[in-house]
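What TrEMBL lists as domain 'Amidohydrolase-related' is 62-290. According to TrEMBL, the Zn(2+) binding site annotation covers E143, H211, H232. The substrate binding site annotation in TrEMBL covers A154, N235, A236, R243, H272, L328, S329, G330. Feature annotation from TrEMBL assigns active site, proton donor/acceptor to D294.
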Amino acid sequence: MPTNKSVSKAPITQFVNCRILRDHKLQREDLWVREGRILDPEKLFFDEEGYADQRVDCEGLIIAPGFIDVQINGGYGIDFSQATSNVRGGVALVAKKILEHGVTSFLPTLVTSPPNIYHKVLTEVKVQSGGVEGAGVLGCHLEGPFISLEKKGAHPEQYLRSFQSGGMLDLIETYGTLDNVAMVTLAPELPNSEMVVRELAQRGITVSLGHSVANLSQAEEAVQNGASFITHLFNAMLPFHHRDPGIVGLLTSDQVPQDRTVFYGMIADGIHTNSAALRIAHRAHPTGLVLVTDAITAMGLPPGHHTLGQQVIEIQGLHAYVAGTKTLSGSIATMDMCVRHFKQASDLVLLDDALNVRATYIAGQEVWRK
């Protein structure tokens, strides 16, 4: 195995006086980073005598993995489901703003829309690494339009679609392209969904189950065909029932392939999900929990009228409603609630004891500090 020294002569940054969140525990140790990668301190000590070109004092702070938001519809006046004249500029604005919330990468999310919106937006949003200019884009999350009418939530009914043409042809006709698509949310009970799930999974696109009335058997079949995620657990799906727990039952199902983990998103804002339900899910399947914001255009803006895709929404306090109805469409979520995924790449967030973000690092480089 090559040593740290033999790999590179690039500068080394040492984070000192650290409390590092690792394996669900805070551990007192230093962190060494070079070229955007976390180094093995043992090899570093013997090969390079623990030398560091730069030191960052983290006294009183916690180092955690950078936050990844896999469901964010927009923010700061930007709606990812709007085909504006400057789609890339809108994505870039949100990417820059969310650095202050510790987000190091994200999936711009499009809600159910007409085909012309997808054809315009998806050609403009590109996968890219993060840096001082903003959080990285991991690809788009397409939430709809292949979802259940009964569980459409705030998605506009007139744009819902089914797999009438047999599956993938419907997807291509609707989306135009699957390039730079990272995740697709669909309802697995729709006819011909099986082949769609298999094809998307084979292409490396995460299939998420949501906005659905699927029973447990249908959900299990989808997972066996390649689905691996659940969109905002408990919301827009059949409620848990002891005779048929529906999609929720995937958290403890014995029909999930042994080589697969089913992850599940949850909106932990105290509005979409009661804290007791959050604890039940976490205790049943702790390794699958992914906190998401499901943030909307109004994030960072005052109450009033804003958009969610092709609909106007009204912000009342911390709630967002489809204008003229009482259909809850979202919340003004805080970006501090995102999946925490530790990896060897040094995308990091520095937190104080109240879990306020104090600094954000991408590939070992400081990109925001309070």
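Glycine too: its Cβ is placed from the backbone N, Cα and C atoms.
Nobody curates TrEMBL annotations by hand; they come from automatic prediction.
Annotation for E143 (Zn(2+) binding site): spatial neighbours Q71, T109, L110, V111, T112, H155, T185, G210, H211, T231, criterion Cβ-Cβ under 8 Å with sequence separation of six or more. A gap of 10 Å separates the Cα atoms of H272 (substrate binding site) and the residue listed as 'active site, proton donor/acceptor'. A236 (substrate binding site) sits 13 Å from D294 (active site, proton donor/acceptor), taking the CA atoms of both as reference points.
H232 (Zn(2+) binding site) sits 13 Å from A154 (substrate binding site), counting Cα to Cα. The most densely surrounded of the binding-site residues A154, A236 is A236 (count of other Cβ atoms within 10 A of its Cβ). The binding-site residues H211, H232, R243, H272 differ in how many other CB atoms lie within 10 Å of their CB, and the one with the most is H211. A 10 Å cutoff on Cβ-Cβ distances gives D294 (active site, proton donor/acceptor) a total of 25 other Cβ atoms nearby, all chains included.
Long-range neighbours of N235 (substrate binding site) (same chain, six or more residues apart, CB within less than 8 Å of its CB): G153, I267, H272, T273. Across the fold, the C-alpha of R243 (substrate binding site) and the C-alpha of the residue listed as 'active site, proton donor/acceptor' stand 30 Å from each other.
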